[in-house]
Amino acid sequence: MKKIAVFTSGGDSPGMNACIRAVVRTGIYHEIDVYGIMYGYDGMIHGNIRKMQSHSVSNILQRGGTILKSARSEAFRTKEGRKKAYEELSKHGIEGLVAIGGDGTFTGAKIFFEEFGLPTVGCPGTIDNDIFGTDYTIGFDTAVNTALEAIDKIRDTAAAHDRIFFIEVMGRDSGYIAIECGIGGGAELVMVPETTTTIDEVVKSLKGLRKSKTSSIVIVAEGDEEGGAAEIMDKVKSRFKGEDKEFKVTTLGHIQRGGSPTAKDRILGSRSGMAAVEGLLKGESNCMAGIINDQVIYSPFDACINKSKPLKDEYLRLQELLSI
Ligand code: F6P
């Protein structure tokens, strides 16, 4: 293998740049050419491909976002789109791919590999941490720390005014950010898509806490079955009629996706990037380079996409137990 290409796809996450840097420099170390594909699968289709040098990735390790940009591509969902992408890659003589992203990225990579046989290894880049085959995903640690900084500030004002705050964190299908913020931020309640918490239960807990606390924080993962934080707050508020209690809502949103990556995310991105390139050179393909128990493990894309990574029961219990 003498020429490989790297791209980022789906939602960006802090540490993707560290991963790109590791891919480029590991490739150069092994004397292979590394190309960067701009805008993910869309750029592949449009031939937006450029050769990377060691200096192309200078001074990016500490930056959030992705220098290769990201996009969600409708065209790549079609057979014609994928054929066009393969033709563009062939024009550059690309013999292997490194795909940095989440389950949508790996679903595309798996289909592409099955159709055209181009060896591909993935790196887990998403703030959601919802990928099987790795203990953590690149960007998760930074997102949790960013959210915690905001939650700490909200707690100050919540306590000053004896208010109940509903704070929405990201996680369309997953409660990883919510549960870690719940534990790290000392939330009274956490609502996640993986478990069912009814409005009755929320009301009961908050009313129960009135004896011991004057203010409360409820963390809601955006994908919770009862709705987003604003919707849940309205439902709960209507059950406190006649009581002198104020409710507020804050949606943290995309601030969780940006910012300088933590040390953990820089190191995870770097390890995974190096493992992806060295995996390709050793014949690994159609799989993701994750880190499990501090060891690099290559898991098939199929497992990464289809197997679930449930929240730890211990974490759910810990949050609940410490919120009394
Ligand atoms: O990166 C993952 C994620 O942040 C989800 O938690 C969220 O639902 C989604 O991406 C939002 O993505 P976008 O801003 O690209 O629509």
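Placed from the backbone N, Cα and C atoms, the Cβ positions cover glycine too.
What TrEMBL says about this one:
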type     : residues                                                                                               : note
BINDING  : ARG21, ALA22, VAL23, VAL24, ARG25, ARG155, GLY186, ALA187, GLU188, LYS211, LYS213, THR214, SER215      : ADP binding site
BINDING  : ASP103                                                                                                 : Mg(2+) binding site
BINDING  : THR126, ILE127, ASP128, ARG163, MET170, GLY171, ARG172, GLU222, LYS248, HIS254, ILE255, GLN256, ARG257 : substrate binding site
ACT_SITE : ASP128                                                                                                 : active site, proton acceptor
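Recorded features from TrEMBL, shown on the structure.
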residue: ARG21; record: ADP binding site; contacts (Cβ under 8 Å, 6+ apart): VAL57, ILE60, LEU61, SER270, GLY273
residue: VAL23; record: ADP binding site; contacts (Cβ under 8 Å, 6+ apart): ILE4, VAL6, VAL34, VAL98, ILE100, CYS123, GLY273, MET274, ALA276, VAL277
residue: ARG25; record: ADP binding site; contacts (Cβ under 8 Å, 6+ apart): SER54, VAL57
residue: ASP103; record: Mg(2+) binding site; contacts (Cβ under 8 Å, 6+ apart): THR126, ASP130, ILE131, CYS304, ILE305
residue: ASP128; record: substrate binding site; contacts (Cβ under 8 Å, 6+ apart): GLY11, GLY102, THR137, PHE140, MET170, GLY171, ARG172, ASP173, SER174, TYR176, ILE177
residue: LYS248; record: substrate binding site; contacts (Cβ under 8 Å, 6+ apart): ALA158, ARG163, ILE164, PHE165, PHE166, MET233
residue: ILE255; record: substrate binding site; contacts (Cβ under 8 Å, 6+ apart): THR146, ALA150
- Note on the structure: Near ligand 1 by the Cβ criterion (under 6 Å), the binding-site residues from ASP103, THR126, ASP128, MET170, ARG172, GLY186 are THR126, ASP128, MET170, ARG172
- Let me know the most crowded of the binding-site residues, choosing from THR126, SER215 and counting other Cβ atoms within 10 Å. THR126
- Query: Hey, what's the widest CA-to-CA gap across ARG21, ALA22, VAL23, VAL24, ARG25, ARG155, GLY186, ALA187, GLU188, LYS211, LYS213, THR214, SER215, the ADP contacts in the record, in Å?
  - Reply: 58
- Message: Counting Cβ atoms within 10 Å of each candidate's own Cβ, which of the binding-site residues ARG172, LYS213 comes out highest?
- Response: LYS213
- Message: Using only C-alpha positions, which one of GLY186, LYS213, SER215 is spatially nearest ARG257 (substrate binding site)? These are the binding-site residues in the record.
- Response: GLY186
- Query: What three-state class does DSSP give LYS248 (substrate binding site)?
  - Reply: strand
- Item | DSSP-derived structure type at GLY186 (ADP binding site), helix or strand or else coil | coil
- Query: By the DSSP assignment reduced to helix, strand and coil, which category contains LYS213 (ADP binding site)?
  - Reply: coil
- Message: So if I draw a 10 Å sphere around the Cβ of MET170 (substrate binding site), how many other Cβ atoms end up inside it?
- Response: 24
- Query: Near GLU188 (ADP binding site), which residues of its own chain have a C-beta under 8 A away, given they sit six or more steps off in sequence?
  - Reply: SER205, LEU206, LEU209, LYS213, SER216, ILE217, VAL218, SER323
- Inside 10 Å of the Cβ of ARG257 (substrate binding site), count up the other Cβ atoms and send me the figure. 19
- Using DSSP reduced to three states, classify ILE255 (substrate binding site) as helix, strand or coil. helix
- Message: List every residue in the same chain as GLY186 (ADP binding site), at least 6 positions away in sequence, whose Cβ is under 8 Å from its Cβ.
- Response: ARG155, ILE217, LEU322, SER323
